[in-house]
Amino acid sequence: MTRGDLKIGVDVVGAQNLLPKDGQGSSSAFVELCFDGQKCRTSIKEKDLNPVWNESFFFNISDPSALNTLTLDACIYNNVKATQTRSFLGKVSINGTSFVPYPDAVVLQYPLEKRSIFSRVRGELGLKVYVTDDPSVKSSAPVSEVEETQVPPEQVAKPVSNSNQNVKSEARHTFHHLPKRDKTEPQSHAPVVSVPHQTTKYVADEMKAAEPQPSTLVRVQSASSAQPVDYSLKETSPFLGGGRVVGGRVIRTDRTAAGTYDLVEKMQFLFVRVVKARDLPAMDVTGSLDPYVEVKIGNYKGVTKHIEKQQNPLWNVVFAFSRERMQASVLEVVVKDKDLMKDDFVGFIRFDLNEVPTRVPPDSPLAPEWYRLQDKKGEKTKGELMLAVWIGTQADEAFPDAWHSDAATPIDSSAAASALIRSKVYHAPRLWYVRVNVIEAQDLVPSEKTRFPDAYVKAQIGNQVMRTKPVAARNFNPLWNEDLFFVAAEPFEDHLVLTVEDRVAPGKDETIGRVIIPLSMVEKRADDRTIHSRWFNLDKPVVVDADQLKKEKFSSKIHVRVCLDGGYHVLDESTHYSSDLRPTAKQLWKPPVGILELGVLNAVGLHPMKTRDGKGTSDTYCVAKYGQKWIRTRTVVDNLFPKYNEQYTWEVFDPATVLTVGVFDNSQLGEKGPNGNKDLKIGKVRIRISTLETGRVYTHSYPLLVLHPSGVKKMGELHLALRFSSTSFVNMLHVYSRPLLPKMHYIRPLTVMQLDMLRHQAVNIVAMRLGRAEPPLRKEVVEYMSDVDSHLWSMRRSKANFFRLMSVFSGLFSVAKWLADICMWKNPVTTVLVHILYLMLVSFPELILPTIFLYMFLIGIWNFRYRPRYPPHMNTKISQAEAVHPDELDEEFDTFPTSKNPDLVRMRYDRLRSVAGRIQTVVGDIATQGERCQSLLSWRDPRATAIFVTFCLISASVLYVTPFQVIAALAGLYMMRHPRFRYRLPSVPVNFFRRLPARTDSML
């Protein structure tokens, strides 16, 4: 495919609520499209404020590499026939970053914008903009050619219905001007044209640094929520690839060492690529052999798989040996023949490590060479082996897929075990909300002809099942009009199955008919525009025998409206720790505001998770999640102080998001432990992006705190390096003015119950898809990283939230106490100064707001000196995890539904009832105060209302003739009067308010 095949397609659908410009309450509108120096025009719709065009245009792209910088302008004009001129009605400008492939494009209603500050516009323009590389699509004729050939505007445009046939998507295409999709992204079975606007880079390009030096630990602790020193965050000063980190800055010792892989310590590896062999000698009686290769250096050995009966085998395997663990200076590559009793020696090759070349990216990969095998005497023998041997770092492109000596296990050296310990990057599937509006059914035929059906609709997508309410209609045409919501992931593998069932008796339902709707055929939308409903014929399955089902068609129909809602963000994680807030529809995505770089350095002091050879050990790996991109480091086997030194990068679209990093023990190697083959959690770290300064390198050792049934426990420490870089400071500031969630969450909000149910389904779908990768991210890992159980009841969390609420209001309580001290004249000097300040503000009320904002400005400037210099971390004191009761922890770790004995459940239920009773009393007291306020004018107490009405009349008369400053000054002086003039009894207004009636008398 050539670059000239790439085109931009624009479907001009219609406009709504245009401004009348012809003096007769209407307009004759047409649209003029401008893109990359090309201009096209639609037909003119006479006398129509809501014109519909349904015309398509295609524009050539002169420079595809600059597509993101181009802009499509769509201007609406009113045609003035009398003077052959035009008047402006509005315009729409669409940036190139919003262009998406045709399968992802949907019709969007763009609000019309002004051309200048004096323009007056209104209305919306419906456009569908997409990218296509179909060579059969011809670009539209520009306006100049149309005018020269006298072609009417109606002949220039092409109907939208034809564009679906011209834009072919039967095969996957790759645009050469854009980065390729990452290989680890789940491949779509549906036709897709991949046009990512920017590809996240996570592999290394370059890394040069001096030898690593010991890190200096500096304890950092929050004064407001102090906790044990062992549980606190520690700032470090490691020597990374870019230089030593001191106070968040990288002090470079070598100016040439700057590169993209500068947040980890440089680790050198000996790489051995075993490609293939030829002309190997026959070792068996059958005249063949089953060859495999052993790569040995010191005590470390890597083995390829054996290939049966092949004298010219092909392996193409890379081995990586850590230089710091090597204790030998000779590398041996041995070819052997697999045998039942004892493997036969075929030949070997020996390398001196002092003569192995060093390679640093972006140098080209080292070309493999043929080496003649030697026998045990050192003489040349038959057969050759193609090898490449070099010394590199983790920046090498062969590092992710290599067999690692520091990650290899002596228990299982097979290829399957090697695949389970490699580092990988995963892309979670794109999730959609499926909205199913079940409207009605017609001509239902129940099994019993003598009764009307008690019908309901069961909708199912995969394992998700929803039901409408049963309708006992007095006819055969029941009406529901209910919305059912599901979660679906691309590529769409499951179908929507609608089944109409009749409840003939309690617990007994009969199927009337069903219809299967493929999700790939369902219309997508990115806003709240109305989707056309459709009638579907119901197929009724009739049982013929035990092994066969026969379908017969009949006249029953169901009326539904189904769409894929791309204007929502599918919540697949806890809302407090969301890592992505973008909507599903790609054309609604905004440009990234920054880049987040994470360096997973090492872990220290890990708690042993298993026993091997009589001693405690762990096989650990790290998982990081941000947005749709998940990463997994390699598994370091049999090590309580593992070193990872892997660096990854994410695009940041919203700083109000959270990066989550977890540490797990790999239970898939060797014998299964008492917990089966579930990977065990060691701990996790959460880092909110908005708390990071741009450009600063954060190097900290995070405590891995986990709550166990026995209490909080430190499982070790995880050493991370972080850097958040802003790509556009203006865009990042603009993000703070936008809604947190996409527009559809506010226009057509979902209920809390719906969001909780859909979130549970979304986590299951993500876990299922990531569990099918290689190596798989297991379900327990995905659920732990997504905080799937954060909504369950916990007495500890309830206490923590209560004390957090008290901490929030502590400032108000302090101000109230200070005012009480002022009123009680505990410090006469301060009280006199407050009186003077109050009288000044009352005399000059225009100074009140400036004084308040100036005071807050000064407080902010003062607190800048004491701003946090480290990311937030998990705090045991805030979490109320230090002195929690063991029974409360046991309740928190209980399954749902409970699996405890009835006596214990009864005790916990009674405790919950007592807590809920106190909350119930507080809520009732608040309601009582509100009802007393309503009783002031309700004449519920006729005497009290008469007194209050009379007081209001007198107050209105007095306030009308008295300046407001005088009233405010007298009220303030009365509130701050000396204690000598105070009484211990409540004031008259308080006594009057407490005597007002409330609805407590009506409570049962």
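Glycine is treated like the rest: Cβ placed from N, Cα and C.
For 1-110 (among others), the entry in TrEMBL reads domain 'C2'.
Under the heading region 'Disordered', TrEMBL lists 135-192.
The domain 'C2' annotation in TrEMBL covers 251-371 (among others).
Per-class residue totals from DSSP over the domain 'C2' (412-536), listed helix then strand then coil: 8 helix, 69 strand, 48 coil. What TrEMBL records for 412-536 (among others) is domain 'C2'.
Taken from TrEMBL, the feature domain 'C2' applies to 577-702 (among others).
What TrEMBL lists as transmembrane segment is 832-862 (among others).
Long-range contacts of the transmembrane segment (946-974) within its own chain (CB-CB distance under 8 A, at least 6 residues past either end) are made by residues 835, 838-839, 842-843, 845, 936-937, 992. Residues or ranges marked as transmembrane segment in TrEMBL: 946-974 (among others).
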Open item on the list: Can you work out which residues elsewhere in the same chain, 6+ from the ends of the transmembrane segment (832-862), have a Cβ less than 8 Å from its Cβ atoms?
Closed with: 822, 965, 968-969, 972-973, 976
- [ ] Helix, strand, coil: count each for the residues of the domain 'C2' (577-702), based on DSSP.
- [x] 7 helix, 65 strand, 54 coil
Open item on the list: Is it the case that the domain 'C2' (251-371) and the domain 'C2' (1-110) touch, counting contact as three or more CB pairs under 8 Å in which the residues of each pair are 6 or more positions apart?
Closed with: no
Task: For the domain 'C2' (251-371), the number of residues DSSP places in helix, strand and coil - done: 9 helix, 53 strand, 59 coil
Task: Model confidence over the domain 'C2' (251-371) (mean pLDDT, whole number) - done: 83
